Structures are given as structure tokens and as C-alpha cells.
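The structure under discussion appears below in the form of C-alpha cells.
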Number of protein chains: 2
Amino acid sequence: MSPERPRRSIATVCLSGTLEDKLTAAAAAGFDGIEVFEPDLVAAPWSPAELAARCADLGLSIDLYQPFRDLDSTDPDRFARNLRRLDRKLDVVAALGVDTVLVCSSVAPDAVDDADVLAGQLAAAAARAAERGARIAYEALAWGRHVSTWERSWDAVRRADSPALGLCLDSFHVLSRGGDPAGLATVPAEKLFFLQLADAPALRMDVLQWSRHHRLFPGQGAFDLPRFVGCVLDAGYTGPLSLEVFNDVYRQADPARTAVDAVRSLQWLEEALALRRARPGPTPPAAPALSGWSFTELAVDGVSGPQLAGVLDALGFTHTGQHRSKPVQLWEQGTARVLLNASVTRPTAVGVASVTALGLESTDPRRSAARAEAMSAPVLPRARGTVEAELAAVAAPDGTQVFFTRTGPDGWPADFLPTGARPGPGTGITGTDHVGLTQPFDAFDEAGLFYRAVLGLEPQEVTELAAPFGLVRTRAVTGPDRAVRLALSASALRRGGWAPGVPEPQYVALATDDLVATARALRAAGAPLLPVPANYADDLEARLDLPGELLDAVREHGLLYEEDAHGGYLHLATDVLGDRVFFEVVQRLGGYDGYGTADTPVRMAAHRRRRQTRTAGRG
Amino acid sequence: MSPERPRRSIATVCLSGTLEDKLTAAAAAGFDGIEVFEPDLVAAPWSPAELAARCADLGLSIDLYQPFRDLDSTDPDRFARNLRRLDRKLDVVAALGVDTVLVCSSVAPDAVDDADVLAGQLAAAAARAAERGARIAYEALAWGRHVSTWERSWDAVRRADSPALGLCLDSFHVLSRGGDPAGLATVPAEKLFFLQLADAPALRMDVLQWSRHHRLFPGQGAFDLPRFVGCVLDAGYTGPLSLEVFNDVYRQADPARTAVDAVRSLQWLEEALALRRARPGPTPPAAPALSGWSFTELAVDGVSGPQLAGVLDALGFTHTGQHRSKPVQLWEQGTARVLLNASVTRPTAVGVASVTALGLESTDPRRSAARAEAMSAPVLPRARGTVEAELAAVAAPDGTQVFFTRTGPDGWPADFLPTGARPGPGTGITGTDHVGLTQPFDAFDEAGLFYRAVLGLEPQEVTELAAPFGLVRTRAVTGPDRAVRLALSASALRRGGWAPGVPEPQYVALATDDLVATARALRAAGAPLLPVPANYADDLEARLDLPGELLDAVREHGLLYEEDAHGGYLHLATDVLGDRVFFEVVQRLGGYDGYGTADTPVRMAAHRRRRQTRTAGRG
């Protein structure tokens, strides 16, 4: 652990599995400590002392025992019983060797409203704790019966005036209610006992359900965690930054993966804090600017390889290079470059084809790689990649290799021998607009944070669309100038056996300045364009006042068109090539900043029909 | 179609897939008609006329075209554009041959608030529709900007006073806001153009999100659909009962299955209506009372069979019968009867063991079977079952065979030859308390309705618990006297590759009147009781004021204990036997009516450890 940064801790409730699984994952990911979530201990085979020993073996401190619920009561008998319950839990706390136990504000009908009575009961509890060498961190639940804001919890702690009583702050409980942490400056530093962190998406729902099901790690949601934590640190807090995330997906995802994702969220947060507070501190190398696409690499087999080559030819690409030592072709048009890597050795009837690598132009590839490593990204051994002249590639959460490259004579193109083929007239394709990648169900939020923290891209809003085989969630990650855009998508619910074509295909979206002209050229060259139903154009005509010329082109070439507040988007798709790749060709009009997701259901239904036709042997 | 019942219709949005998939599923399940959900048509390859022809081929009428959104506007230009959009959609409606198009109340910022202006705009739209021989059914969305109740939509329709304008009622929009359909008695019958039906669970959330993600088919949720529909029919409505269910799971589940589930929900509703309105009508045979458990059948293989037999012996059961023609053993203790069916022909190292059939005592097995058939349950061919003396078995949604039986000399026991073994002293087990069945993810809501509609059991509340490998949803279905109880459970999110032991095991819960004595006997007999961590009893001691004697027994025998408002529940579990079955022994104290779900995470973590121990070869 570096002395300059706060300790990194994680509540065991964040991770899936038994307590044994959770500890192993937290330690492997490099956490300094844990919060013990009581139900995890109750179900564990270790005594508290054995757990403490296990944590010590793993190099993990135990920073908090939580939660103790519904302590205060308007009924003296019940309060006495609650104190007896606390005594038993203080036995556990002592055996664990923890110094802090979290008491959250009561949600019970008998919760105390009177500020002085509440302070008195908290003081009595703190006295019990102090006798055992422990202290109580009191937390306002956002749905507490009377105490639901940090201000109210501070009022109780202040009145109680006990050295063994302080505050536990939880970013979710404060920010979900629109609370302001700025006032924390008035709280004495020694009263800030503990800090729990969670991000969350902006949702309109019951706050308890929101909290229990939809929390996220910092950097994945809509809360301004850097500001929140900045306020707490400025107020003098010196304890750990501890994650407490209740999330339905993480509850059932591989804890080893989740723990790495969680550590990365703190690395991201620490960097944001260091930058925001404008003071020197240990930060990873800043993310170099990514100025565009070097290439997209597709893995193909003996069936899909020739098919893809033929389609690239029809799209107006030229096979300009051949890898010096591997079966990899380079195809180019404008700045759009596609590598066909015939490394798949077990061909299937329909052919294997998938996006395996992205080449992104970095102003400083070496620094990009150093940052990736600092942000817990798995750096790939150089020998694994297609491109050998470059320094580094990292694996994204979906397994895609991300290369940091420079397209110059000393960069990745040096790996390729020119074929001598001269570029033809092309079809108007100028470059790569974006790449669309279907994420594994468990990795959607992880991916957003990965691209944000590791590559310095900015995650955009999550949108949901009703696709033929279930809801699909999409989120773009983009560079500030949009030179790099990735469209990530995943099923809103993990799919079962019914949905055909799972996982959904990936695609490469190529840019043109005149899609109508490009479409005409593609059609003339025999590109396998996806047919769009006539009903689509009829609906477009009913919904939007489009020029007749444009509507005619939409009808003639099977184009898709949609608008956002800033402009329009004209696009087309090819058939699915091999088992899971297709191309799009897109034209952005005005300031359109989306990815055609409103049209996605139509595209998916059309792809489904082509698949059926192909399966039926008629296509 | 029977002339006495309303037509059965379903909106295409209820079903997963493309429009082609949906039509096939709706027709196969026996629906009379469909509502065409516009996005399904837009993505379809058929022209409206071709779709009409396809529906005619399948015997489906098209009852509604929907939705047309945001018609009215305070901006005259925009309203004129909206009318032009309506004209285009009326072209589609005409080509489809539909007579009714749904217009829902506007959610746009320019929505009209003034009642007379709104009525005038609706009348203008109705006039356009009338010119084309169509009519407009106006619906209040629960989140409409100004019109969000049926009363407000009726006010607009009444003021507009146009024969081509009437109401569309949607049970969700009315009941989600706590609306009362009783007042519909004042609406003239000829103004009730259309009726859309959805049930829903009682959730505290944004009504739009509730509507778009969590609707259910009638009988699956918390709404009183029979009363709602009764009011609408009493008001003189004669159109179809049409399902419109937006549900995240159904959106991605096999539409052929969903359509059968959907038809069953209308069959259930029609019966409830007929009974409630106390007038003769075509109803299925009433569900005969189920007076208890005849048997639970477990499929085993050469590895798990001897293991299970040994455990039953240790549990105090006696092998009393052998099937006349099949490798099936009958084991008995009290009224608890377990069949071990050694029909699994591909043994695995750990052994296959699963619950394959339930025998339920019916006062009239023949009528139970006839009802099941009338409720679209798949009746199994007699030869498939173990028990041959009985008439009928049906397949539950998870594939479990449900037999309607009578335990008497002329019933199922006649299939078994006595072994001559005399029952021993036993261990105090008196019968079967319940059976716990893990449901396939897509079938959880379907299962609740299945047991309700087919068997006449009553679904209880859905509860959610945080288990080690993800959230688990549970719901019991019970007979009125609790002689039959089934505990159904499923993951709240479909699990991926990480969670070990998927699917979760099934279990048979055996009843005792004295679990401490029974546990002592089981331990003496060497039954493989699941160890419970000492932390569990410590927590119990902290939480509840339990007699020291009981706590001692909990500690000594590894018992679990929990309470609800009515009483307590003392229970224990065995190890998992074979790959996915275990036994519980349970004692209900007072009026406890639950299933021990609060203790489930502890039980699951303990099972997980035993599995790891077994895998590591140390157990």
C-alpha cells in the first residue's frame, strides 16, 4: 500500500459467493481491507477469531462490522433488549479485532424521533462499545424512519457527545436524496469514523429498492463521487475508502472479476480526486489522447475468410498488405482499415467471424500501456497479438484486444508487406465511425468503467431498446472529439435457450459523407446489403417530414434513418457474415451523436429473417 | 370459439420474436385474435394486406392496431401534422382490415389540457377515421400528461360525441393508480370500444417503469382482475378480452410457451368471472380438493439409488413396496412416501437424483384431469408415468409430473407388491410438509398461474432473498388447508457460469411434531445431516429470546430456527444427495406459515462447502 493514498476496502456484500470466495477475491485484487457484512459471517464456518486469522493471512484488515439495525426504541424494554443484542455483537466485534461497528438509523415503527432521547440511547450504546475498546459509526439510511439525512445523524452524534460515537457516511444515502456533502466541513474530523462508497444510475424508483438492487461502483453511475469524497477528505477523514455496492448482477457474477472491477473504480476515483484537488499525489500516467482508429481486426476461418474478403472488395476496400509472418490480410479504404486474421483453425459450416482486436491511435502508446497497467487492465503478452511492431495491447472485459498504436512507418503497418494492389475508386467510405460490441451479460457495467478508467473515454447514457428477442441495453464510450466511438450493448436480462443468434452479432460501422451515393456503389458491386421492409419507409414517411428524394433513396436502397435533437443518421447494414459480424455504413447529418439504436429492432428482425432463410437453405 | 365466452385476443408485444414467430405462437395456443403492435408491423416483411392474409390463414382476427401516440396538441401546426400522420396510419389500418385504432393520451409537453379543445381534436381525428370506416379507441395512460384516468378520458370522449370515438380501457392503467372501475356503469355500452388486460405485482416504483417491465398475465399478480373485468362486462362491453403485457422475461422467453400461459390466464379469468357473477356459463370442471401428499418420486441412477436408499433408511423410512414392472421402490414412514425410480440410465460420478413426480390426493382424480386439460395443461400419456393404476398426470412448467391420485386399495398402491418389511419405530417423521422445486428462470410466473389455474392452489406472496450466488425469488402455492404446499423458487436473474451447483437443488420437507427428538434419532442412525456453523446459533441467541434448552438443541443438532408473525419453524437439512436433491425435516410451531427462507442463505452456504469438500475428495 502506498502511504499517500487512502486505504482501499470493500464490503463483503459486494461480492458473490461464500465468505471464503469473497476474501480470496478481495485479496487477489489487491484490497487492503474489508467490511464484514454480518450475514456473510453468520453463514461462515469460521469463528470470528478464525476469520480474523484468515484475513491476516491474506493481508486484509477488517475495517468495519456491519450492520447493526434498529438500535433505538421508544419502548424502554425493547431498547434494553436491543442493548443486550448489541452486547452479543460486541463479543463478535472483539473476537474479530475490529474497532468499529456500524449502527444504521432505525426503520422500525418504534424508532426514536426526539433528538435528545435518540442521542441518549446512542450514548448508552457507545458506552457499551467503549468498554470493549470499540466504537460506533452511526449512519443515516436514506429510508430511515426519522433519521434519513447525514445532517440528522450528525445532530444525534453531536448531542450524544461520546468519544466512541461518530458518523458513518455513505455516498448512496446522501446523494440518492439529493443531499449536499459541502456542510461536512463543519463536522470535526475525529467524528468522521467511516466512509462507504457507491455510485448509482439515475433512476426514478423507491429509494430502498434502488439501493438494494442497483448500486454501482464509483465511475459506473450518475453520482459525482469525486466531489462527494473530496468534501469528506477535506473535512479531515483519514479512514479507508470502502465500497458498499448492492447490485443484482454483481451478486451473481464471478467475484474474482468483480473485485478487479471494484479496485479499478477506486483507482479511477483516486485519480479524479488528485486532479480535482489540484495537489500532487500518486496518480497513474494520464491517458494519452486517442486520435482515431488504426484498424479493426476480425478473426475468420476457411469458410468466412473468403466470404469477408469478397464483401470487403464489394464495399470498395483494397487488399493492400499481407502480414510478414501470420495469415493476416490488411484491407483499406480511406482511413478505414480491416485486418482479416485467418487464425481460426476449427471452421464451421457457416464460418466463424468475430471482432478480436481494435487498433486505436495513441499519441503515446507506451504511456497508454503504462496507464492500462496502473488501472488493473490485463496487459497481453506481445506475442499474442497480430501486430508485433507495437508495444502493448490490453484485454477488454469482453476479451477484445485493444492495441495502442501509431499508424506510421515505424508503427504497426511495418508488420505488413505491400501486396502492390492499387486502391480502386472506392465507394465513398472515408473511415471508421464506430465499432459495436456485444458485451457478456455480467460485464456491461464493468466495460463502461474499463473504457473510462483505462482508455480515458467517456461513457454516455445507458439506453434501453425493445428488440425482438428481449430488451437490450446500450451505452457508447467516446473520446471527447468523437474520433473514437464504441457502442457497447448487452441483454437487459441474460438470454435463455429461445433467442436465436446469441450472442448478438458485432459490427464495424464505416463512415461516408454521402450514404445514398455509397449505397448505389455498393449495390452495383453486389455487396450483400440487408433488405429493409417497405413498412419501415412507410412509417418514416408518416412520422417525419422528410424530403421526397430522401424517402425515395431510403426505399430504393433499404436505408435506415433516425434523428436526435442535433441531427440525423442515415445508415445501412450488410447481412451477418460468418456467425457474428456485419458491417454498417453510416452518414452523420448535422450534430447527430447517436448510434442508430432506435432502428436496431428493425435491423435485428431483418437479420433474423436472413438467418432463417439461410438455415432453410434457400439463400 | 364457444359463443358464450368473450373472444380471446393478445397484443403481439406480449410475445418474444419477430411478428412471424408471434403469430404462429398465438394461433397454436388457440387465441381468436391479436392486437398488432405497430413496431412489430414496421419490422415485418409483409405488407399490411399480406399480414391480414396471413392472420386469416391462421384463423386469427386482427382486433386492434396500436398505439397511436401524442395526437392532440396545443400547437395547431403540430396538430395538423399529427392528423397527417394519423391519415398515413389509417391507410395501414384500412389495408389490415382492422376497424379500431388505439389512440393513447398524450405525454408530450404540448398535450392539450382544456377539455373542450381536447374533445374537438379527438372528434376531428374520429372524423378522419370514420371516412375510412374505422374508429378510434381513446385510452388514458396512467402517466398521460393531462389525461391519466379513465374518467378523464371518458369526459373527453363524451364531449366529442362522435360515433367513431370510444374508450379503450386498460386494467393496468386504471388499477396501478388505484382507480375504481365501478363508475364504468355510467358509460353507455356502445362507447366501450376495447378492453386490454394486464395484471401486475404490487411494486412501489415509477408507474411507467412498472408498466413497461413488470406487467403480468391475469392471475399472476396482485390486481383484482375478475372484479375489474366484471365491471366492464356489466357495463355492456362485448369485445374481446385482450392481453397487453409488457414483461422483461416474456419478451425473451419462448413465445410458444408464453402463448399457452397467456391463454391459461384468460381461462382462469373467465372461470373467476363466471363464478363471481353467479350465472351459468361454460366453465371447466371445478378443481377437486387436494387433501394431501400421496408420494414424491425421485429419479435416481446406479450411484445415487443406493445412497438415497441408505439415507431413507437412516431417516427411519421402511422399504415397503416394489413396483410390479418397473425398478421403483416405495419407502414409507407415517404418511410420508418416497418412490425411488432407478430409471436414469446414464449414471454420473456424483449420481443423478431429482424430483420427477408429485402424487397428490384428489377427491376426484378423473375430474382433476379433466380440469387440467381444460386449463391447457399438457396431459401426459399414461404409459409415461411410474404409477399405472391412476388415470392421469400432467406436466408442470418445470417438467415435474403431477399425478392426481387416491391412496387406497384401488389406487396407485396397487402397482406395488409388498416387500414384507415391517415398519420400524421410525424417527418421528409423520408425513410430507412440502416439496421445494427450483423453477426454470423463464417459468417462475407461469408456474404460479399453472398451480393456481390447473390445481386450484393459491399462490402466496413472492419473497426475495439474498443467497450466496445471487438473489432468489420464492413463492409458495398452497391448498386452503395447507394439506398441500409447494415452495417454488428461481433466480431473480438467470445465472451465468460462475455460480456453482446450478440449478439449485430440489428438496422434500418431511414433517415431525418434535424436531429435537427426531434430530437425535437421525443422528443416532447416521443420517447425513448438514452441519450448521456455530455463528448461526450465536446470532440466533443475540436476536431472539429463546429458551436455553432450545438453543442447546440448535447447537447440538445443527438446527435452524426462524419466526413469522404467527409462530416458529424449526428445521434441518441433509447433505445434497446425488446431484440435486436433499431432505429437510421440519416442525411448525404455532401458526407459522412460511418455508424457512430466511435461513436459506445459511443452508446454501453450508451445502456449497460440502460440495467443495466432496469435490476436493476429502469428504
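The chain as shown is numbered from 1 upward.
From the backbone N, Cα and C atoms, a Cβ is placed for every residue, glycine too.
Site annotation for divalent metal cation in TrEMBL covers A:GLU139, A:ASP170, A:GLN196, and the matching candidate from A:GLU151, A:GLU244, A:GLU270, A:GLU271 is A:GLU244. Secondary structure at A:GLU244 (divalent metal cation binding site), taken from DSSP and collapsed to helix, strand or coil, is coil.
Sequence-distant contacts (6 or more apart, same chain, Cβ under 8 Å) of A:GLU244 (divalent metal cation binding site) comprise A:ALA11, A:VAL13, A:CYS14, A:GLU35, A:ASP170, A:PHE172, A:GLN196, A:LEU197, A:ALA198, A:ARG215. Just so you know, the Cβ of A:GLN196 (divalent metal cation binding site) picks up 24 other Cβ atoms within 10 Å once every protein chain is counted.
One way to see the shell of the divalent metal cation site is to take the Cβ centroid of A:GLU139, A:ASP170, A:GLN196, A:GLU244; the remaining same-chain residues with a Cβ within 8 Å of it are A:GLN66, A:LEU102, A:CYS168, A:LEU169, A:SER171, A:PHE172, A:HIS173, A:PHE194, A:LEU195, A:LEU197, A:ALA198, A:SER242. The 10 Å shell around the Cβ of A:ASP170 (divalent metal cation binding site) contains 25 further Cβ atoms across the protein chains shown. Close to A:GLU139 (divalent metal cation binding site) in the fold, though at least 6 residues off in sequence, lie A:PRO67, A:LEU102, A:VAL103, A:CYS104, A:SER105, A:SER153, A:LEU167, A:CYS168, A:LEU169, A:ASP170, A:HIS173, A:GLN196, each with a CB less than 8 Å from its CB. A strand conformation is recorded for A:ASP170 (divalent metal cation binding site) in the three-state DSSP classification.
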